[in-house]
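> Please find one structure pasted underneath; my questions will follow.
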Amino acid sequence: MPFDFRRFDIYRKVPKDLTQPTYTGAIISVCCCLFILFLFLSELTGFITTEVVNELYVDDPDKDSGGKIDVTLNISLPNLHCELVGLDIQDEMGRHEVGHIDNSMKIPLNNGVGCRFEGQFSINKVPGNFHVSTHSATAQPQNPDMTHVIHKLSFGDTLQVQNVQGAFNALGGADRLHSNPLASHDYILKIVPTVYEDKNGKQRYSYQYTVANKEYVAYSHTGRIIPAIWFRYDLSPITVKYTERRQPLYRFITTICAIIGGTFTVAGILDSCIFTASEAWKKIQLGKMH
């Protein structure tokens, strides 16, 4: 007797004349197909969309930076002449630079009455401060007005990612125009290293920061008021890492198979129960008639 390979067929076919279509089965079939289509489109959207997950760990992520952090500062002082505005940098490694001018620009405002300072510089990865003041001016003014607006203060690379809502420019838009003109301003910054890794494995390094501030009047040893805008910073040992991830293809296929198989199974059970109950009800009605 020749071997029949068709014996391995577990999906045996039933002739159409042995099946019975019903209105209930048609309704359940249409609903079943619509439900599968809805779940399929939902899973497809999730498969196409890139997910951004975050994690925390203790480490210095950017070891190739040479222990430096790039800083971008953009600040307007509408009541202080440009020749009086200067940037000073200090830290615990002994750095003390007065009147930093590299990669900086001063733009006159209000017909020369005010000044907009834009600068890019680097700081060491140790606690320190940088401040905008009149310390580098040839002659100190009598009543320097330190009212200001901070347009931008950021550290490291600029991250423009829609899925990441971080404090990369926490002081952007800070308005101190209505404060005491002779007051000094202290901004205490806690800098948090941040890594963003895209789905191709490329990493970008930036820094977020939290800020607290206070306003006070400072006097020099001669009794004169010499206000300044201080940015005192310290680095957090915690690093935040954002990673782009996309759902693997095998998981997407597994989910689709589970949706189709599960929906058809549940729909088949529901249809069978309704059909059985309907047939039993018909028999009861026929028994009452006899």
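A Cβ is built for glycine as well, from the same backbone N, Cα and C atoms used for every other residue.
Given the structure is predicted, the values throughout are model-derived calculations rather than measurements.
Per TrEMBL, domain 'Endoplasmic reticulum vesicle transporter N-terminal' is recorded for 5-97. Taken from TrEMBL, the feature domain 'Endoplasmic reticulum vesicle transporter C-terminal' covers 110-271. Sequence annotations record features per position, and here TrEMBL assigns transmembrane segment to 20-41, 249-270.
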> Quick test of the contact rule: Cβ under 8 Å, at least six residues beyond the ends. What residues does that give for the transmembrane segment (249-270)?
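Answer is 28-29, 31-32, 35-36, 39-40, 43-44, 47.
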> What does DSSP give as the helix, strand and coil breakdown of the domain 'Endoplasmic reticulum vesicle transporter N-terminal' (5-97)?
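Tallied per class, the domain 'Endoplasmic reticulum vesicle transporter N-terminal' (5-97) gives 39 helix, 26 strand, 28 coil.
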